[in-house]
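Beneath this line is the structure, given in structure tokens, with notes to follow.
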């Protein structure tokens, strides 16, 4: 049985991790433990690079907190231009898989608050009247009227981040390049 460390205690993120590991390894083949670790980036990361660093840092910190595990999973949501998205980082032994989620264009009323230093989740709570939005369906759930959720979008990206660990082509050595 695999021991999976989720570098989060957010239920929406843990549900996405559960769905992805169910799909790839099967229900009952792993156990997930959520740990609260720092991302090392601002609460609302701006740009793909900063967001990816946050996901990688979560994995690094989770490995320090729980070094005896099989997988470590970090998810960090961010904003780039007028889009929200997230980076998924999964490490297993000495290998890493990464994927970026689908993006959602945000309305100007939300972006204005973000430019003033507020988090997307806080802006969504004010505008929707739903507290703790980011631990539920997220902005994605509100804007798609539940057709997609934070969990469903992260689930898809996590499946992609898991590919290097179960697809045998990733395990093959690279052929050496011919001399020029």
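Keep in mind that glycine also has a Cβ here, set from the backbone N, Cα and C atoms.
Annotated features in Swiss-Prot:
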type: BINDING; residues: 8, 9, 10, 11, 12, 13; note: substrate binding site
type: BINDING; residues: 38; note: Mg(2+) binding site
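Across the structure, residue 9 (substrate binding site) and the residue listed as 'Mg(2+) binding site' are spaced 12 Å apart at their Cα atoms. Cβ neighbour count for residue 11 (substrate binding site): 15 (other Cβ atoms within 10 Å of its Cβ, all protein chains included).
Among the binding-site residues 8, 10, 12, 13, the ones whose Cα sits within 10 Å of the Cα of the residue listed as 'Mg(2+) binding site' are 8, in sequence order. Take the mean position of the Cβ atoms of 8, 9, 10, 11, 12, 13, the recorded substrate site; other residues of that chain with a Cβ within 8 Å of it are 6, 14, 15, 34, 135. DSSP assigns residue 11 (substrate binding site) to a helix in the three-state reduction.
When each of the binding-site residues 8, 9, 10 is scored by how many other Cβ atoms sit within 10 Å of its Cβ, 9 comes out lowest.
Around the Cβ of residue 13 (substrate binding site), the same chain contributes 6, 75, 150, 151, 154, each under 8 angstroms and 6 or more positions distant in sequence. Residue 12 (substrate binding site) counts 23 other C-beta atoms within 10 Å of its own C-beta, drawing on all protein chains shown.
For the residue listed as 'Mg(2+) binding site', the Cβ neighbour count at a 10 Å cut-off comes to 10, with all displayed protein chains included.
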